[in-house]
Amino acid sequence: METIFAQSSAFGKAGVAVFRISGPKSLEVLQLLTGRKDFKPRLMYYQQIISPETNELIDNAMVVYFKLPNSFTGEDVVEIHTHGSKAISIMLINTLLNIDDIRLAEAGEFTKRAFLNNKFDLTAAEGIADLINAETIMQHRQAVRQANGGLEELYNNWRNQLLKIIALLEAYLDFPDEDIPDSILNDVNNTHKNIVNEISNYLNDNRRGELLNNGLKLAIIGPPNTGKSSLLNFLMQRNIAIVSNIAGTTRDIIEGHLDIGGYPIILQDTAGIRAESTDIIEREGIKRAINSAKTANIKIIMFDAEKLDLSINNDIIDLIDENTIVIINKIDLIEPSQIFPIEKKYKCLRVSVKNNIALSSILKNIENIAENIAGFTETPYITNQRHRHYLKQALSHLMAFNLDNDLVLATEDMRMTARCIGLITGVINVEEILNEIFKNFCIGK
């Protein structure tokens, strides 16, 4: 196995930069850079880092040696903690590149080696990637659970039950003359039925985990000049949308990313929806607004309190569902006692975006809907499409399983089911899958 290295911290100015070396020559490289031979594992040392070629001092650093298998990768590992200077990073990287039998690591190669050395399964490796990319508290919680074996335990439980079924069926095939109690086949059928139900229910999760990973789309829609762009600017705490009294100012979808209550929200301000527009570009914007609303996880429908009765049309009303927040804006311009017909049918929030009236209620409603859609629960959810793909394949093999037909075919269905789940956890190793997963890591991880 080659020895690899990379800067694990971000390149640039910082208090500390961390370099990681992994492989059989790690300790030898550390000894070469420091001129010191006696390094005890897991102890930090304050050492000068010197170029072996020029004898030039690169930096005074803290270094530590991890002896295999007690390291992240399961190999001999060295970490060098220097000052976070671009010049130091460049000098140390060039120095390491000039040492024989050591090369720059590929993206995700340290984590890939840890997986190959059985430090964790493939779902945990993906959890580490999600943890690195997590931007909100809820994404962090989901990633931590997965990185610490939450999904591995679930999938391995199913696979172990399947392996027991396979063992029983193979024994039945290998010793056909032996009397095998009917109770064993009944147990096989019952276990099969339970796994079918569990995987079916697990797949029927409305993609909660994937939505939490990728972000929930929130579309702000409504008639022109109701304050949609002003609301977007308020939520983003900066002006990313043009605000104007001229109808049709927003013609395309404007997008921003936000953390509301720990949930990743992708905000979309859309063109005002009105039936009478003759402008070709505006009509295309209206079409996109409606399509955006139809695919959104959360919708905010805004109306102008002064023009509410005139602005309601079926294109807008038809979009209202349980994940919709109906807002009546500009309430400072009407009498508080005024009640609109739409308020009798739907729960509406009365706000004034311009004067910052009741805007906190919008944030709370968004958070409540996001929690209902993708809230963190005790049961770990499917977090990416790869898992869903193989679970669907596993379920199709389970549905084909039938002990009343050919027992050989039934056994093969069980093998294929176990294989699909093994592909998720990495028990069954396919190089193409590994390359696809680990290429999404940053270099140094």
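In case you wondered, yes, glycine gets a Cβ from its N, Cα and C as well.
The (6S)-5-formyl-5,6,7,8-tetrahydrofolate binding site annotation in Swiss-Prot covers Arg20, Glu79, Lys119, Lys445 and is backed by sequence analysis. Positions annotated as K(+) binding site by Swiss-Prot, on the basis of sequence analysis: Asn225, Ser244, Ile246, Thr249. According to Swiss-Prot, the GTP binding site annotation covers 225-230, 244-250, 269-272, on the basis of sequence analysis. Feature annotation from Swiss-Prot assigns Mg(2+) binding site to Ser229, Thr250; the stated evidence is sequence analysis. Positions annotated as domain 'TrmE-type G' by Swiss-Prot: 215-371.
Swiss-Prot feature annotations superimposed on the structure.
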| residue | record | DSSP (3 states) |
| --- | --- | --- |
| Arg20 | (6S)-5-formyl-5,6,7,8-tetrahydrofolate binding site | strand |
| Glu79 | (6S)-5-formyl-5,6,7,8-tetrahydrofolate binding site | strand |
| Lys119 | (6S)-5-formyl-5,6,7,8-tetrahydrofolate binding site | coil |
| Asn225 | K(+) binding site | coil |
| Ala271 | GTP binding site | coil |
From binding-site residues Arg20, Glu79, Lys119, Ala271, the one whose Cα lies nearest Asn225 (K(+) binding site): Ala271
When distances run from the Cα of Ala271 (GTP binding site) to each of the binding-site residues Arg20, Lys119, Ser229, the nearest one: Ser229
Integer Å distance between the CA atoms belonging to Ser229 (Mg(2+) binding site) and Glu79 ((6S)-5-formyl-5,6,7,8-tetrahydrofolate binding site): 49
Winner by Cβ contact number (other Cβ atoms within 10 Å) across the binding-site residues Arg20, Lys119, Lys228: Lys228
Predicted model, mean pLDDT over the domain 'TrmE-type G' (215-371): 83
All-chain count of other Cβ atoms within 10 Å of Glu79 ((6S)-5-formyl-5,6,7,8-tetrahydrofolate binding site): 21
Inter-residue C-alpha distance, Ser229 (Mg(2+) binding site) and Arg20 ((6S)-5-formyl-5,6,7,8-tetrahydrofolate binding site) (nearest angstrom): 47
Neighbouring C-beta atoms (10 Å sphere around the C-beta of Asn225 (K(+) binding site)): 24
